[in-house]
Every structure is written in C-alpha cells, then in structure tokens.
C-alpha cells in the first residue's frame, strides 16, 4: 500500500514537560516521527511546550509551536494554519504520551477536529476510548476470550464503597486516562479507599475509577505490538517485570526478553494480545499490553493497554533496535509493515519480528532524598524520575551493568554499606518493596536465606533470586581464593562484576586500578557486540554496540575499523534525575550532529533508553554502556584500536552531559584520554571556593561572604559575623537534607542538629543569603580569546530558590542597560580567569545595585536549550565546534552565531520567553498518606520545564503557567497568608487582584494589613488554631479543600506553628490542583499573567516566525 496521497499536512502533538510517568521517551518518539513524516514529503506542524526537547528544534518541523498542550491552544494552532491557507489534514496523537492522547480526545469531543476537517490518524477516537476506558477495555478482553481482574468502574464514592464491600480488602484503585499510575494505589483499609478513590475521581479526566481485586504478588509481563492497515501484526518485544504486581512497571526492574515464561504461556499471551489489538481497533501503529500471571496456578489476566507509543515502547525500541515510533509514523500515513525496510540490516522488512541473542535489563532511578519525609515504598503510583538500561550476554551480566549505570554512588553489590538487620528483619523488609530491594535480596541470601524464602518474602520469581544466589556463591569464591587467577577473574567479569566490586573483595589489589592492571596483564577485556534485530542472521549496517566479557579468550569484537576521520567521543548524561535531565542530552545530540557534519566521526556513550542520544542514528556510533571510568576507558581503547593507522580518537567531550561526565574528566585525563574544551583543572578551579574566590578577587568581582564551620559554635559565630539570613549547606548530608535558608540562631542550631554530622572532615558552608536580590543566569561561550553572551535570564523568584526551580524571563524584564553591561564584564572576567573553552554558566545576584557572583559552572547548563530556542542561536552546536578548534569569529562568519552583537543586546521588539519549572509534589506522600510540602528552596526539586513565548511578559508568563500547571484563574477567590517580612511587598499584587474582581480570603494578621491598605477581604482562621465561640470561622485548609479557593499566595514563616500551618495550606492546594505561589515575585508575575488572560489576546507563534523576527 503506497503512502496516502490525500494527506499533505500532519499535526504532531508532543508530550510537554518531563514528568514522573511521562519523560524523555516521548521526545525520542516524536523526533523520530517528525523526521520520517518530513522525509516522506509531508508538511509537519508540531506543538510541544517543552523547550528542552530535540523535537522542538525548528529543523524537525515546518511549523514548531512551543505552546501549552491544551485543547484551546492546539485549536489556535489549527486555526492559524487554516487562516494562512495551510490547512492541516490529520492529527497524529499517539507519539506524545497520555498528554497528547487526552488532548486529542478533547479536540474530538469539543468538535474542533470536525470544524477544521482534521482526521485522527494512528488511532481513531473509538480505539482510544476502547483502550483507555477501563470498562470498555474489560468488555473487549472478555469478548476475545481473555480474563480481567474482578473489578467495577465507579463514578461516585457510594459506588466505590459498594464495590469494596463486594470484592473485599485490599483493592487496587485505578483512575482512567492518567499516566504513570497517577492517583492509583493499593487500599488496605476503608480510610485508604476514601482517600485514594476521592483523589482518583479528581485525577481522572473522565471522572471515574476502577476498583479492582488485588493481584498483589502476581508476575507481570508486557508485550509491545504493532499493526498495519492490512491487519499484519508483529510482536516487537516481550518484557518481564522483576518485581511482582503491586509495583508500577515504571518503578520495577524489567527484563527483555521475558525470562520465566514457558513457550505455551508466551504463545497464549501473544495470541490474546493480537486479538485485543484488533478488537480495540488500533488500525496503524504500536501499543503496549500488560498481563499478570498467578505464580501458584498459572491464571493469566489482562491488566491494561496503552493504544499509543509508551515508555515501554522506547525501551523495546532501544532493546531490539526496532524503531517503533518511526515505523508507527509510517504506518499512520498508509504504509504496511512489509513495505518498510529495517534500518539496521537494510534488507529485512519490518514485518520480521526482532530476535535477541542478548538480555536487556532496565532499572529505575529514584530521588527520594530530594523529598524528605516522602514514603519510599514502591506502589502502583510511579515515583522514579529516570531509568538506565544495559545489555549483556546473560541476565546477571546485564543486571550488574545496569546497577552501576544508575549512578547512586555504588558500582553494584558490595561497593557500599551492607543492609542492616538480622535475617528475619531483612526478610520482613522484603515484603514491602523499596528502592533498596536488590541489595536486600543479595544480603538475605548471603546471610543464610534460601532461594525459596527470599522468593516468598519478596514476590520475585525464584529464577531471578537464584541468579543473584549465583553471585553470592561467586563472591564466596572470590573472597576465599588464595590467588585471583585468570579463570576466576574472567568468570567474575562474565557475570557482570565491575573492577570496583572485585577490588572491594580483594583488598590486596589496592583498589579498582589494581584490578584493572591485573586484567591488562592477563589480557582480559570486553568484546563489543552489535544490536542487529536478528540474532546475527543478517549483517548489521548500523554500529550500535554493547560490551560483554566472554569466557572464550579468542572471542572477537564487532567494532569495525574506521581510519579516515578523527573520532570524537561524547559522554552522555546517564539516567535522568532531578538536577540532571533531558537538557543535557539535548546538548549531547547537538554536538553529535554538528561534529558529524563538520567531518568528525562521532561516538556516543550513554545508558539512558529514553533519550534521542541513544537512538542508533544520532551519532555515527553508539555504545549503550554505563558511564563509569572502567566502561568509558574500555570503549576508548576499542575505538583507538579500530582507528589504528588513522587519526584515531582526537578528543573526548565531557562538558555537555552534566555532572556525570565532568566527574570522570580528571581520572580519564590521567589515564591518557584527550579531554577537549575546558580542561579538568579549570573545572576543578571553578568548583573550589578558595581558588575561584581568588579569580573573583583579582577581577574585582564581589561574592556573598561565607565561612566554613566544623562545630555549631563556629557556625553561630560565622552567621553572627556575616549577618542573617544565611544559606547553610553541609558537605555530609543525612536523610537527604541539602541546603536551607536560616533566619535566626535557634533555626541554625535545629538545622545543624537535625541535618548534618559536623566534623573537621565534614564541615558546613555558611553563606550570606542576599534577601530580596534579583537572581540572574547567564549562558556564554568562550574560545579562549573572545566571549559570546548567549542569553541573560532574569529569575522571577528571588535568589535562594534553586535556579532549576525558578521561573525566568529572557530578555530580562527589569534589568537596565548598565546592569547587563556589568553582567557582560563579569562574565568575560570569569571566562578568561577560569580558562573556559566552550560553554560557561554564571549565576549572579543583584542587590542594591551591586552585582554579586554566586557560582560559575564551566559546562553546558540546563538553560542552554531554552536560550537557544529563545534567541535562535544553537549554543550547544557552537560549543562543540569551539571545543574542536573553531573560533567565535569563524562561527559568526559561518552564520552559526550572530554576525554582530550577541544575546546580551536584544532587539526592542524581541518577544519575551518565560521558562517555568514543573514540580512533582503530587506524586509523593508521607507514610501516613499526607502530602509532602510544596515549598521551594535552594534544593532543586523540579523534573522538567516549559516555555511560554509572547510579545509581553504577562502573556508569556500566563502561557508558561498554563503549560506547567493549568490556566491561572480569571476570576474567583484567592487565599493570602504571608510572612511578616513579605506583607508590605504583597499589598500591590493583592490590591490589583481585588480590583480585577477577585474575592480575597486571608488569615488574621494578613487580613488586618490588607484592610489597613483599603483591600476588602474575608477572614479565615489558621489551620492550627481551634475555632472559638467568638471566632467560629472555618480554617484556610477547610476553604481550600471545599473547592472554594482558586489560587493560594503563601510565603513561609519560621519553624513554629505558622510554618506547619503553611505546610498544610500548600499541601491542600497541591491536592486540589490549584495554583500555589510561595514567593512575592511569583505573586507579581501571576497577577500580570492573570491580567493577560482576562484581556483575552494571547495568541500563538511558531518558532520559525520568532527566529525570523530575531534574525531580521
């Protein structure tokens, strides 16, 4: 079937910001789709609110709209294209996760698609409904002869209670049309049911929840399937969850292909999956179906399906080399599977099901340390913020590699402290899944538990437990052997052990380098295998490699020789986590593409299956490997050998992937690896407070005063000397507590007692905190002789809120010419003083007309993609070229950088871009079910970001809020309760809200201040105050939970009752999903955004239009 000739213009909806449950995998999917559609001659319009994505680069679509993904804004895009005589023919919603699917459903239901004659392709409305609606899907499973868990769809709490009475406790609560298990959970008591079902009904766009019998402890499997318009179906991959039912699949270790299924069970699952796919009606494209098997009797039930490309699709694509999103896009425009050629073999068609001769393991990355008090129990609500994937010739090798890929400070088993407790305690702990369960399983086996005891306690299949048991036996061999001989060392490496693990068991080898030296002496190195989709039946034309230690010393590597071009290795950023996300992958991808175009051979090393960088055709070669010193060095040697007789490896880039590669720079350089760009010594200089302070002193640049304390008395003296408030950050942290702003001595003592372990080895840093200062972020390039300012961003929140969590505007909204010139001079002095070659990010605070330097990072920052989108200058591409020898003058001449001027001087008519952080507070709860605090501070907590662009700040800010959290209210009630120090500053914003017609609620002190300033308000009592006969008021929290508040303005108090009151207020706002502003500056910005919304003139603008304006 040829491509449909009636389709000329396709709209692709992206997935928006990185969220828990919906992450970078959809950038990978969407980027693939856009490239394929344009290659087929179609015009592509894209809408996505996330500036950190590759897909929102202007070259991937004809019209790129960085706009909120709501039915309103998507309709504005469709209308704008129609008005310009450029009608959109079809909407492809299956590549942007749940966000895109839900938006497509709304556009269908509100008639927008019919109004503009836009067809849904990939999955029609009925198929989406049948796949996503719990009851309809259950009916389909029954119709095709399958079985579902006993359950009922409920629309009211009364229906929920009746269903629970019938099924008995525990039950699983699952809302419809949500992602990452949001709102779902296991309810063990009537109280759990009331809370979870109430929130689930609120979380579900269709206002219903499924109450389901508990299948906790069953084995969980997934199938990834694809279907074309001629009803050809392929099963791309089977995936088995290491963890049993009850742990969300995104939080589970998963294995491909499935390890413990019999062929009979697999064939039954496959047949059922294909029948369901046909009955649901996914005409073209991919879908994911989840199954559960009772380990006691083999009963098979169908859990759910995603009638779209999903998180598992990205994993399956990277695991097999079968590009699901790319093929789904081709199927959506009319091709059939037999007409699509496999990119890796270049000769087999896509209707050949992939075959694996290796094992793939994915493991989740958690960030519980960022949310003190959050319950770390793993449940049906997804909590992980990222993931790593590894490939090996056997399960245990792949498991070892993925454990060291997670970058948790360990290199696998035995490289950290052992779990605590006697055997009975460890087995009891295994009954409640947590992120430390792998270590508990190994430890339980090591101290005497049987495989059966561990399997029974943990719910993990005995086969997996036995595999870890094999490692425990190997450990005993390693510790007991008088001499570590070649056979035992080779077998240890074959079982996935890192040099660090072996060194931990053999102290006489004097650490990792000693093990490495022994391996080199014995000639024990990994071979590099190729992912080829067909178990070596056909030759792979795409160099996509993974390492394995073979028992046969004569095993050959599959890295092909390449002697013509100089090789550049690019170290990626590893698993996403809070503080190091997709923004760094963006810079790595840009480096790969631009350096390939410049004539280098690019080699990407990364272990994150969600990203564009690990697509097999992003770089010239891809190694899916852990980003550790050992693994990177082995790849370097393999590439050097493959380039013998030619230029070989001419450089390794560590500057673009965030902290992970930077942490390897010094050791790699000492091992003889050529680091290009800013040298490791310069990176160290910028991070050393004393040395960097000397650079600032020589340049005459002020920085906030600070001191190091090794006791509370010393900390108290330093704080008294430099003045409160102070910012304290311990060098050794307990319980995940990081930095905190402290306003008085009592709070300082409480914080140090609670959060730190002070000693001469572990001092605490006490910084003067610049209250009410404006924070400024600068991204710049330096080639050693010239500095190019990429962009100057003004933070909307005050200094003290982590820059990754603060909204910011570009160009700056309140800075004058003299301020920006001061920023330029300071940035130039720092770049030359540190010795930067490439990118530099500097953070400043402006207070009382003095510009203070807060910190400098000589690397790509998380704002690089945002600045690049806002200014039309590809900073990461320019950085890569500079690191390999190009000058800023040459890049200006080529048109890569602006020919004159730079990002410090923006045109007067330049649109305003606002970046807003997206925070995951609603995902985390305390052990008692209470919400965690949504207060912002110096510790970063956001998972992603959005961007709003408009011709004025208010409209841009309103867009950013709509994209991140939903629209700001245009009317209704605002609750205000602020600290005394903020009351004067908040008078004007609150007065403006009252003038706009908002009703104001306030607690006693705030209400009194507002009335004195002529602002009418209604008083409510504080949460911790008891009602009395003379003040029978309802509390602020009661008003919020009753749905009577549309926005909250709440700034934090001290540590006593009001502080707790603030926590309860903010938690209620998060649970009710209403805007909650916790800074004065945020309140002022929100008021401007509300005014813009009320004016009703917020339009849409493509990046191509924006960039043509800026260039002209």
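Note: Cβ is positioned from N, Cα and C throughout, glycine not excepted.
What Swiss-Prot records for 290, 304 is Mn(2+) 1 binding site. Annotated Mn(2+) 2 binding site per Swiss-Prot: 304, 306, in sequence order. According to Swiss-Prot, the Mn(2+) 4 binding site annotation covers 855, 857. The feature domain 'ATP-grasp 1' is assigned by Swiss-Prot to 138-333. What Swiss-Prot records for 693-884 is domain 'ATP-grasp 2', and it gives sequence analysis as the kind of evidence. Annotation source Swiss-Prot lists domain 'MGS-like' at 966-1112. Residues or ranges marked as region 'Carbamoyl phosphate synthetic domain' in Swiss-Prot (evidence: sequence analysis): 560-965. The region 'Allosteric domain' feature in Swiss-Prot is assigned to 966-1112; the stated evidence is sequence analysis.
Sequence features annotated in Swiss-Prot and their locations in the structure.
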{"residue": "290", "record": "Mn(2+) 1 binding site", "Cβ contacts under 8 Å, 6 or more apart": "220, 221, 222, 249, 302, 303, 304, 305"}
{"residue": "306", "record": "Mn(2+) 2 binding site", "Cβ contacts under 8 Å, 6 or more apart": "131, 287, 288, 312"}
{"residue": "855", "record": "Mn(2+) 4 binding site", "Cβ contacts under 8 Å, 6 or more apart": "842, 843"}
{"residue": "857", "record": "Mn(2+) 4 binding site", "Cβ contacts under 8 Å, 6 or more apart": "686, 840, 841, 842"}
The region 'Allosteric domain' (966-1112) - residue tally per DSSP class, helix then strand then coil: 71 helix, 19 strand, 57 coil
Per DSSP, three-state class assigned to residue 306 (Mn(2+) 2 binding site): strand
Cβ neighbour count within 10 Å of residue 304 (Mn(2+) 1 binding site): 19
Assigned conformation of residue 290 (Mn(2+) 1 binding site) - DSSP reduced to three states: strand
